[in-house]
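Pasting the feature list from Swiss-Prot:
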type    : residues                              : note
BINDING : His66, His68, His236, Asp311          : Fe(3+) binding site
BINDING : His66, His68, His236, Asp311          : Zn(2+) binding site
BINDING : Arg75, Tyr138, His171, Gln239, Thr316 : 4-imidazolone-5-propanoate binding site
BINDING : Tyr138, Asn313, Gly315                : N-formimidoyl-L-glutamate binding site
Amino acid sequence: MRTLWQHCHAATMTEGRYSVIEDAAIVTSAGLIEWIGPRGDVPPVTADRVVDLGGAWVTPGLIDCHTHAVFGGNRSGEFEQRLQGVSYAEIAAQGGGIASTVRATRAASEDALLASARQRVQALMRDGVTTIEIKSGYGLDLENERKMLRVARRLGEELPVTVRSTCLAAHALPPEYTGRADDYIDHICEQMLPALAAEGLVDAVDAFCEHLAFSPAQVERLFIKARGLGLPVKLHAEQLSSLHGSSLAARYQALSADHLEFMTEEDAIAMAKAGTVAVLLPGAFYFLRETQLPPMDALRRHGVKIALASDLNPGTSPGLSLRLMLNMGCTCFRMTPEEALAGVTLHAATALGLGHSHGSLEVGKVADFVAWRIERPADLSYWLGGDLPKRVVRLGHEISN
């Protein structure tokens, strides 16, 4: 069905800029954008349906390119403890922290994980999200990593949202491998990753490169295996210290390196040369009350593409609003509203390997867009909350009104 969407203003986000078309119209057909431009220039095509958007601003559908949306349990009790002065180390010694999420995730059935994750993903969708990445990483063995990735696939089948699944088995050391990190990396490379990839559950491979997780050398072994299986890689890097994980990621043409508070100018140069996207996660920065800012000037100076994401997870960023992350990106990281919007559209698409098909309003790309109740694009970063999406369209079909 061909649909003509008109009486709107479009922030197309081509080349990562607002690239505004005033009094715009969009023609969609077969799930794609067939034409976009000024309303007065609409080509003489026969539309099966004409939709008046009432002067709304239209942007690409939002893309949350870094989430841990599938998990069991609840860690709000730890939040209370931390506010009372209990350290993370003390919480971990009591069996809390990521270990508690691993236990709860392992204990939960696939259907239970699906039900809880569905609510979180739907909350993001109500914010205008049409594409989301979901990582595993709370199973830490083949059976439970498979369970998490199956849930991610099922969410993409059951909900009107595009889901990309990332294997993050190298997220933390499982209790059965205490003191044997190298053995665990071997297990991921030799057993887990080949099996999960063969089952079609993996779109990319991620790891956590940090003193409290895995070393650059261990991550590199994982990257070599992933690339050998034809899978792109991503990396949690430079969140708590500088191990030059982002440079390692760039060496393997990673789709993205994420967090990056402690990255250096050398790392930024390497990422720029490789085309690796910097995914900034202000929710975790805020929730943990961190003070080390990502090097925004270096990222801009060297032309690194910058994305923003929610980092939705139970321990460090229980954020169910990607629009809130737009504001945090501006207020915490000194991004401009234009940079922030590019960070959840075109650059987020690139961070998922979807830059050719998603993230901007261009002919031939998927017809994913949101019509907003706003006066100008900067309002999306300005307002804290509010029911701003007027219509959400995915693959040319309206999914909310």
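Note: Cβ is positioned from N, Cα and C throughout, glycine not excepted.
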Looking at the binding-site residues Tyr138, His171, His236, Gln239, which ones sit with their CA no more than 10 Å from the CA of Gly315 (N-formimidoyl-L-glutamate binding site)?
none
What is the total of other Cβ atoms whose distance to the Cβ of His236 (Fe(3+) binding site) is within 10 Å?
30
Measuring C-alpha to C-alpha, could you say which of the binding-site residues His68, His171, His236, Gln239 are within 10 Å of Asn313 (N-formimidoyl-L-glutamate binding site)?
His68
From the binding-site residues His66, His68, His236, pick the residue whose C-alpha lies nearest to the C-alpha of Thr316 (4-imidazolone-5-propanoate binding site).
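Result: the closest of the binding-site residues to Thr316 (4-imidazolone-5-propanoate binding site) is His68.
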When you rank His66, His236, Asp311 by Cα distance to Arg75 (4-imidazolone-5-propanoate binding site), which of the binding-site residues ends up on top as the closest?
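Nearest listed residue in space: Asp311.
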Looking at the binding-site residues Tyr138, His171, Gln239, which has the shortest Cα distance to His68 (Fe(3+) binding site)?
Tyr138
Counting every protein chain present, what is the number of Cβ atoms, excluding its own, within 10 Å of the Cβ of Tyr138 (4-imidazolone-5-propanoate binding site)?
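Looking across every protein chain shown, the total is 31.
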Measure the Cβ-based neighbour count of Asn313 (N-formimidoyl-L-glutamate binding site), defined as the other Cβ atoms within 10 Å of its Cβ.
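Summing over all protein chains shown, Asn313 (N-formimidoyl-L-glutamate binding site) has 25 other Cβ atoms within 10 Å.
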How many other Cβ atoms are found within 10 Å of the Cβ atom of Gly315 (N-formimidoyl-L-glutamate binding site), counting all protein chains shown?
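There are 21 such Cβ atoms around Gly315 (N-formimidoyl-L-glutamate binding site).
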For a quick check of understanding: among the binding-site residues His68, Arg75, which residue's Cβ has the most other Cβ atoms within 10 Å?
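That would be His68, with the most Cβ atoms nearby.
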Please work out the number of neighbouring Cβ atoms within 10 Å of the Cβ of His171 (4-imidazolone-5-propanoate binding site), leaving out its own Cβ.
24
Out of His66, His236, Asp311, which of these binding-site residues is nearest His171 (4-imidazolone-5-propanoate binding site) by C-alpha distance?
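Sorting the binding-site residues by distance from His171 (4-imidazolone-5-propanoate binding site), the top entry is His236.
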